Amino acid sequence: MTKKRHLFTSESVTEGHPDKICDQISDSILDAILSKDANARVACETTVTTGLVLVAGEITTSTYVDIPKIVRETIQGIGYTRAKYGFDAETCAVLTSIDEQSADIAMGVDQALEAREGQMTDAEIEAIGAGDQGLMFGFACNETQELMPLPISLAHKLARRLTEVRKDDTLSYLRPDGKTQVTVEYDENGKPVRVDTIVISTQHHPDVTWEEIDRDLKEHVIKAVVPAELMDGETKFFINPTGRFVIGGPQGDAGLTGRKIIVDTYGGYARHGGGAFSGKDATKVDRSAAYAARYVAKNIVAAGLAEKAEVQLAYAIGVAQPVSISVDTFGTGKVSEDVLVELVRNNFDLRPAGIIKMLDLRRPIYKQTAAYGHFGRTDVDLSWERTDKAAALKEQAGL
């Protein structure tokens, strides 16, 4: 039988990408507030352009944080430290425009919220409604050890490595902005078999040659990350394919919070409900329910109930219970999807306050998620990446 060729591509970006700068600023502000006021309501949006940062949104809190200071520290940590980059931590202007959360929204969410989740009764959890309507997806598959699709997993690792060799001066001519993209070939059974194409674009010092960049990235980035057995003589490499990438960061492109939602999740391999994560506290189901859906999907796959699983949750504003829960195993399930939905209902509390309690989401843990993906992370300890429900799911499924 002739082998059917099936390619799938995902991309990632470095922490110096303009949109990712914004995500990190928004989540740094969120973390700073949560560290002092765990019950704060935060929706923080950031935009950056040449020499300017604008922070806007709705924040309701009993504490004070120095937003311009947080902004500058975040930019400094990313590596925009020189004015000749067109954007730097010391000289950029920082404007803020912050309101309180709308009373109309708060009305549907606030009941019993002053109670700590750990001490809340079921009635109190039921009284806390979702902060908005919407649909959220979570996904897991057995392509990698972290139960993520291989293309996005490799793209994130390349982007992280690009930053590492810049910051440790292995390749001191690199600058903060950069993107990676990986195309993986799948066989007729849907299994990843090889890397077909790797694309890396990285900002750099004007005096370095393309030949140096091409050689160094293959040696210090690609070889360090991509397993040799996945590459062959047919694997294609496109390193800075325009030939030059000196002007970058916010000087090259304006950035906005929430513009890299596919990078943040599954690289396009699974569906997406459209809601962004960064800058939002856990009462926003855009964030917390997407984390919960990943937690559910990962435990289904870890339990061996399916090779891949996509979980959809949906909510109505002011209503605690999800209006729908669905599971799609793409024909790989060991039990029916109806059984899986029932297992999910019995083992996971998917009401907003239940999710916050289950995943302990009132902590200042979010900046670390704002670059290199929110899922499949092995470098940080994230509660939604645990597989502590897998054994119970397997037992209850009778496997």
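Just so it is clear, glycine is given a Cβ too, placed from its N, Cα and C backbone atoms.
What you see is a predicted model, and the numbers here were worked out from it, not measured in a lab.
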**Where Swiss-Prot places region 'Flexible loop' among the ranges 101-111, 343-353, 354-364, 387-397** = 101-111
**Surrounding CB atoms that lie within 10 Å of the CB of Lys284 (L-methionine binding site), all protein chains** = 23
**Fill in**
Among His17, Asp177, Gly178, Lys179, Arg244, Phe245, Asp253, Arg259, Lys260, Ala276, Lys280, the record's ATP-binding residues, the widest C-alpha separation in angstrom comes to 36
**Request:** Can you figure out which of Glu45, Glu58, Lys284 (the binding-site residues) comes closest in space to Asp253 (ATP binding site), comparing Cα atoms?
**Result:** Glu45
**Residue among binding-site residues Gly178, Lys260, Lys280, Lys284 with Cα closest to the Cα of Glu45 (K(+) binding site)** = Lys280
